[in-house]
Amino acid sequence: MLAAEDLVVAYGENVVLHGLSISVAAGETVALIGANGAGKTTLLRTVSGLAPVRSGEIRFDGQPLGRRAAEARVRLGIAHVPEGRRVFPGLTVAENLILGTTPWRRWGQSYAADLDRVFDLFPRLRERRGQLGWSLSGGEQQMLAIGRALMARPRMLLLDEPSLGLAPRLAEEVYERIREIAAAGLTILVVEQNTVLALAVADRGYVLENGRIVLAGAAADLRQDVRVRQAYLGR
Amino acid sequence: MADFIQLCVNGLALGSVYALAAIGFVIVYAATGVVNFAAGQFVMLGTFAGVGMITQGALPLGLGYGAALAAMALFGVLFFVLVYLPLRKSPVVTIIIGTVAIGIVMQNAVLLSFGSWPFRLPSPLDGIMLQIGGAMITAHAVMVVAVTALLIGLIWLLFYRTALGIGMRAVAQDVEAARLMGLPVNRLLALSWVLAAMLAGIAGLLLGPMWFADVNMGDPIALKAFAATIIGGFGSLPGAIAGGLFVGLAELLGASYVSSAYKDLIAFGAMILFLLVRPQGVFGERIQDRG
């Protein structure tokens, strides 16, 4: 469904991704793990159109994305849950979710069923639907950011560090929901520093170091890999 | 007592005009971070759009108002395309200085086309007086307050009850996240400028019959609208409304009960006091937190 080939991305002189290639098949959950600064966030930003490609190509459904703007990519079905959640702080939970429907909704079309589905997945959001974004806890904001992306009726979800800044139990809860979303058939590319959580939900994984893929394989194999265990699992 | 009622109604009418100018100012500031120093000239241009269409163009009032507002909307688009877009990647201070420059250009362009002789803009309610509690009040003043109240209601509906307005608030808070939602960021930013220009236009059309249409009328309005936003809370819509009404009332009551020489002292004194003691204004919490 998604394929990046020889992707080079740079901010000015500073090359962040050095000819990186990854692919995600339809229905698959793929984890991209690596240390801070490895280029994980940049890769997701490039896929969703927030960062420009220097060379190489990203294809979605076999179609090159080229210089298509972020606004157009979300209409194709790529929903990006950005680093730091980026919930609209001065908008209520319900308003944040309504904005998620922008890519597909025409004037007067109902989104009630979509809203119900998100509220069933994250019951806390239903309770807090009238609260402003800034007043939510970190875990609730993450749920809202994911819920907002689901409101776009995406074909693929890009998740940037969903566990960031969350207490371990909350992080596990968020990943439990991600597992449910994946089980429902949605294609997911998740970027994560918390290797244990990410490899537990993923089918496959890539290890990113300094803008290059250094290791790739089935998630189950990566969990057993000596290098991964030493570098990222701390044992 | 009759005098007091009359002053209050006229003060509210003047304050309504300041409030409309301040609301336009706040909408642009919240959406783009630009402090629009041409805001007063926007109102002046609105008055002269009315003069051009109605006094000189001899259009009937209704049509003239429509044409003037359409011209102001077009002006908002032009301002966005010719001033904001080319400068949007520069530091925000550059854009702010740009608005100062455009304000001067606007003032002189109007001077060039209309001359320095003041005009009088008619009101649909010219010559009609109402008697309220023994006070004689122009129907126009009451209309100004009513129209402003209606507009505030409509703006509230737009921002809090329509997807379009929620999208505008989202763009004001986080442009990048707004793009990820698929929102047409540039169109929504343009709409902020159009809205500000049209509100200023309405303020100008309402103010025309109360003052004379004069090319220099924009400066005092800009200062009052600025004072209103600081007193009410910078970036806050309810603050702009409350601040505008306060400044209008202070101006007329001050002129009458203290001295017309000191009429501006109360408003600006209050502004300075707020800057010293409560810089976030009355409505301290920022409704448009920029995240």
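Cβ atoms here come from the backbone N, Cα and C positions, even for glycine.
Some features that TrEMBL has for this protein:
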type	residues	note
TRANSMEM	B:12-35	transmembrane segment
TRANSMEM	B:42-59	transmembrane segment
TRANSMEM	B:65-85	transmembrane segment
TRANSMEM	B:92-117	transmembrane segment
TRANSMEM	B:137-159	transmembrane segment
TRANSMEM	B:188-213	transmembrane segment
TRANSMEM	B:225-253	transmembrane segment
TRANSMEM	B:265-283	transmembrane segment
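Using the rule of three or more Cβ pairs under 8 Å, pairs at least 6 apart in sequence, the transmembrane segment (B:188-213) is not in contact with the transmembrane segment (B:92-117). Within the chain carrying the transmembrane segment (B:65-85), a Cβ under 8 angstroms from the stretch's Cβ atoms is held by residues 32, 34, 42, 45-46, 49-50, 52-54, 57, 59, 95, 98-99, 102, 186, 189-190, 193-198, 200-202, 205, all 6 or more beyond its ends. Sequence-distant residue pairs (6 or more apart) of the transmembrane segment (B:92-117) and the transmembrane segment (B:12-35) include at least 3 whose Cβ atoms are under 8 Å, placing the two stretches in contact. Beyond the ends of the transmembrane segment (B:265-283), by six or more residues, the same chain brings 223-224, 226-227, 229-234, 236, 238-239, 242-243, 246-247, 250-251, 253-254, 258 to within a C-beta distance below 8 angstroms of the stretch. Within the chain carrying the transmembrane segment (B:137-159), a Cβ under 8 angstroms from the stretch's Cβ atoms is held by residues 5-6, 9-10, 12-13, 16-17, 19-20, 23, 123-126, 128-131, 165-166, 168-169, 199, 202, 206, 209-210, 237, 241, all 6 or more beyond its ends.
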